[in-house]
Amino acid sequence: MAQGEKITVSNGVLNVPNNPIIPFIEGDGTGPDIWNAASKVLEAAVEKAYKGEKKITWKEVYAGEKAYNKTGEWLPAETLDVIREYFIAIKGPLTTPVGGGIRSLNVALRQELDLFVCLRPVRYFTGVPSPVKRPEDTDMVIFRENTEDIYAGIEYAKGSEEVQKLISFLQNELNVNKIRFPETSGIGIKPVSEEGTSRLVRAAIDYAIEHGRKSVTLVHKGNIMKFTEGAFKNWGYELAEKEYGDKVFTWAQYDRIAEEQGKDAANKAQSEAEAAGKIIIKDSIADIFLQQILTRPNEFDVVATMNLNGDYISDALAAQVGGIGIAPGANINYETGHAIFEATHGTAPKYAGLDKVNPSSVILSGVLLLEHLGWNEAADLVIKSMEKTIASKVVTYDFARLMDGATEVKCSEFGEELIKNMD
């Protein structure tokens with residue numbers, strides 16, 4: 001097979017050769033350990049699924065400490081250029097630089113490449129230790145908006161010239177008198193746009209249609225923040241009705257029917273929509289949602305939410321099924337085709353080089369990558385092997401200490417077990 005070819009995109013669709021070149025960022029701390037295990041598992045799955053007809057050619061690019069030590073930069077322009085050119089990449093955890101400049105390398109990558117969806121599927125693998133009674137009821141896919149909200153990075157420190165100007169403008173030009181302690185306040189700005197909302201909700205509904213999911217829930221705090229989070233909810237409903245028509249039934253439609261014809265008619269309309277296989281578009285206030293994912297998780301399927309809510313929700317849900325050590329993630333621009341698949345946990349520097357930590361997060365992010373390429377046969381091999389390996393209680397230390405009768409293995413050995421269990 002040839003040395004490797006570039007993935008291309010035409011009309012928003014990936015053209016994937018049989019031997020795609022995929023850039024990878026090894027990651028800091030435990031990054032080399034987990035990448036060593038994960039890359040072998042992904043390669044073995046592709047080999048087994050396609051018997052040598054398909055193969056990934058990895059291309060290393062640099063970010064984080066490794067980049068800084070090599071180039072003096074935490075996120076070299078060359079790395080961004082390579083990912084732009086090759087479209088798809090996978091990365092381990094990165095250290096956030098101490099001091100000024102880039103606040104978070106992960107956020108910088110998302111913003112530079114406009115990766116507007118943070119995709120976080122949450123599902124349970126039988127046998128994984130969980131703090132909840134029925135973790136198997138949790139099966140959701142989170143679409144978190146990645147570029148806006150309070151995480152946009154528009155923030156000014158207490159006492160700075162910028163914050164003084166901003167507070168003065170708010171007080172004098174807009175007659176704002178709600179800043180309780182203006183002399184000692186830092187200020188952050190929360191932009192939420194109709195375009196940003198629309199492309200996120202569109203991606204979530206498209207995913208629900210493509211994967212046979214039953215509902216999309218818009219999670220927000222619009223009861224308090226009416227013109228940002230409330231607008232997110234309203235724009236989401238408007239987009240669903242305008243672009244998807246009879247493929248969906250929204251709670252906004254439900255409310256209109258209830259107002260005009262009564263609740264019985266609205267309930268009947270929703271039941272008929274469900275029976276017809278339409279996707280129900282609904283909403284939930286964030287604090288109530290965080291209760292209900294514990295008390296009735298099987299009522300939720302695909303979730304679309306803003307940046308800050310999505311951060312909380314993704315990690316809270318991950319805890320219900322075993323923690324972020326086994327939580328995959330991807331950052332995707334569904335319009336340009338660019339995507340970075342990533343470990344969702346930190347660098348855990350105290351375990352660096354010990355061949356100890358659980359590589360499942362980056363392995364399962366690799367599964368998302370394979371699915372994104374359309375290589376579902378290889379992705380399924382990894383999932384089934386993960387199910388089999390965990391069910392047999394052969395696990396890394398983080399799970400072994402919480403499981404009766406477990407066999408504790410190293411990071412690399414867990415990868416080897418996964419390869420053995422592929423069938």
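Each position is counted from 1, following the chain as shown.
Note that Cβ sites are derived from N, Cα and C of the backbone, with glycine treated the same way.
Some features that Swiss-Prot has for this protein:
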type    : residues                                                                              : note
BINDING : Thr95, His345, Gly346, Thr347, Ala348, Pro349, Lys350, Tyr351, Asn358, Tyr397, Arg401 : NADP(+) binding site
BINDING : Ser104, Asn106, Arg110, Arg120, Arg144                                                : D-threo-isocitrate binding site
SITE    : Tyr151                                                                                : site 'Critical for catalysis'
SITE    : Lys221                                                                                : site 'Critical for catalysis'
BINDING : Asp311                                                                                : Mg(2+) binding site
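Recorded features from Swiss-Prot, shown on the structure.
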| residue | record | CB count, 10 Å |
| --- | --- | --- |
| Thr95 | NADP(+) binding site | 19 |
| Ser104 | D-threo-isocitrate binding site | 14 |
| Asn106 | D-threo-isocitrate binding site | 22 |
| Arg110 | D-threo-isocitrate binding site | 23 |
| Arg120 | D-threo-isocitrate binding site | 26 |
| Arg144 | D-threo-isocitrate binding site | 28 |
| Tyr151 | site 'Critical for catalysis' | 23 |
| Lys221 | site 'Critical for catalysis' | 20 |
| Ala348 | NADP(+) binding site | 19 |
| Arg401 | NADP(+) binding site | 11 |
* Least Cβ-crowded entry, counting other Cβ within 10 Å, from the binding-site residues listed as Asp311, Lys350, Asn358 -> Lys350
* Structure fact -> Ala348 (NADP(+) binding site) to the residue listed as 'Mg(2+) binding site', Cα to Cα, whole Å, comes out at 19
* Near the Cβ of Gly346 (NADP(+) binding site), how many other Cβ atoms are there if near means within 10 Å? -> 14
* Nearest to Ser104 (D-threo-isocitrate binding site) by Cα distance: which of the recorded positions Thr95, Tyr151, Lys221, Asp311, Lys350 is it? -> Thr95
* **Conformational class of Asn106 (D-threo-isocitrate binding site) under the three-state DSSP mapping** => helix
* Structure fact -> Smallest Cα-Cα separation from Asn106 (D-threo-isocitrate binding site) among the recorded positions Thr95, Tyr151, Asp311, Arg401 is shown by Thr95
* Asked: Measuring Cα to Cα, how many angstrom lie between Gly346 (NADP(+) binding site) and Asp311 (Mg(2+) binding site)?
  -> 14
* Asked: Which of the recorded positions listed here (Thr95, Tyr151, Asp311, Arg401) have a Cα atom within 10 Å of the Cα of Arg144 (D-threo-isocitrate binding site)?
  -> Asp311
* Rounded to an integer, what is the Cα-Cα distance in Å between the residue listed as 'Mg(2+) binding site' and Arg110 (D-threo-isocitrate binding site)? -> 14
